[in-house]
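Noted in Swiss-Prot for the protein shown:
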- Arg26, Arg77, Thr108, Lys169, Arg273, Thr274, Arg275: GTP binding site (BINDING)
- Cys33, Cys37, Cys40: [4Fe-4S] cluster 1 binding site (BINDING)
- Tyr39, Gly81, Ser132, Met203: S-adenosyl-L-methionine binding site (BINDING)
- Cys268, Cys271, Cys285: [4Fe-4S] cluster 2 binding site (BINDING)
- 17-235: domain 'Radical SAM core' (DOMAIN)
Amino acid sequence: MLRRSASREGAHVLIDTYGRVATDLRVSLTDRCNLRCTYCMPEEGLQWLAKPDLLTDDEIVRLIDIAVTSLGIEEVRFTGGEPLLRPGLVGIVERVAALEPRPQMSLTTNGIGLRRTATALKAAGLDRVNVSLDTLRPDVFKTLTRRDRHKDVLEGLAAAREAGLTPVKVNSVLMPGLNDDEAPDLLAWAVEHDYELRFIEQMPLDAQHGWKREGMVTAGDILTSLRTRFELTAEGSEERGSAPAERWLVDGGPHRVGVIASVTRPFCSACDRTRLTADGQVRTCLFATEETDLRAALRSDAPDEEIARIWRLAMWGKKAGAGLDDPTFVQPDRPMSAIGG
């Protein structure tokens, strides 16, 4: 990847020195979650962000407004922790939907609260949801998440579909010895219920720092397993671009399955994302070890133009890649729950 000169090409977009332009903003609304997934959080002992450190609803909407009107952001995805635990979520969505230009809005969730919120979120302006579900077996779900809420997730998925938050996407992480035999069953279930299934390689973002590359279920493993039951055809001839998922038609279509090979086939060269943590820090990458503080600028009454300048400068320094293959790779201190997916 070639670097650009320091001329700051594209002064009104979030461009980096490799020419990548961020148009997709991930906003973490909380670091708290009502599950304890083994690949994300420890069972106990996490230090939560203090309430005064969290961005307020007004601060979140203001930063999104700056991103959309001054920095070229076209899509906003709300994440967590678990974003449905944020009391003001529906109001935030409604206010962002009123921005000009209006960004596309989606939500990544564990689905537990969707049964009671899906209709309100759709009415407020949310476009679609991504729901995490790694298994069809309640006992395995309890082992993976340390909570007995499998039925709630299934009901939440159904509620999202009925509310029109479509396409409903389901994200699944396969873990060796736990659910790595479920790929074909998960796909058959997704096809039956008209959900779009995406398998994601486990990434080194667990709070315990116990991830090992040699122990993960790879994209290749997943595709091999799926092909024992389904005919998979690579969708179209277009390059993958900034889309993280390699998509396949299932038995000739119309249903599709995606595989996100974040570790074995990373898409860093086409990354179009910028991330905002629940306490107002800009992160250029899931695996970044540096952050840029926007909360301090907000609370010191900095004008929008200054906040946009700080944000552009942060993204200008984005690294070429996550560096997972680099022997010097260091896992971020923040676990996934405190970064936002």
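Residue positions begin at 1 at the first shown residue.
Including glycine, each Cβ sits where the backbone N, Cα and C put it.
These numbers come from a predicted model, not from an experiment.
Known features from Swiss-Prot, placed on the structure.
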residue	record	DSSP (3 states)
Arg26	GTP binding site	strand
Cys33	[4Fe-4S] cluster 1 binding site	coil
Tyr39	S-adenosyl-L-methionine binding site	coil
Ser132	S-adenosyl-L-methionine binding site	strand
Lys169	GTP binding site	strand
Cys268	[4Fe-4S] cluster 2 binding site	helix
Arg273	GTP binding site	strand
Cys285	[4Fe-4S] cluster 2 binding site	coil
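For Cys37 ([4Fe-4S] cluster 1 binding site), other Cβ atoms within 10 Å of its Cβ number 20. Each residue contributes its Cα atom, and for Cys268 ([4Fe-4S] cluster 2 binding site) and Thr274 (GTP binding site) these two points are 12 Å apart.
Among the binding-site residues Cys33, Tyr39, Cys40, Cys285, the residue whose Cα lies closest in space to that of Thr108 (GTP binding site) is Cys33. Counting in whole angstrom, Arg77 (GTP binding site) lies 14 from Ser132 (S-adenosyl-L-methionine binding site) by their C-alpha atoms. Residues near Lys169 (GTP binding site) in space but far in sequence (CB under 8 A, at least 6 apart, same chain), listed by position: Arg128, Val129, Asn130, Val131, Tyr195, Glu196, Leu197, Arg198. Listed in sequence order, the binding-site residues near Gly81 (S-adenosyl-L-methionine binding site) (C-alpha within 10 Å of its C-alpha) are Cys33, out of Cys33, Cys37, Cys271, Arg273, Thr274, Arg275.
If you draw a 10 Å sphere around the CB of Arg273 (GTP binding site), it holds 21 other CB atoms from the protein chains shown. Taking the domain 'Radical SAM core' (17-235) as a whole, pLDDT averages 94 in the prediction.
Taking Cys33, Cys40, Ser132, Met203 as the binding-site residues under consideration, the smallest Cα distance to Arg273 (GTP binding site) is found for Met203.
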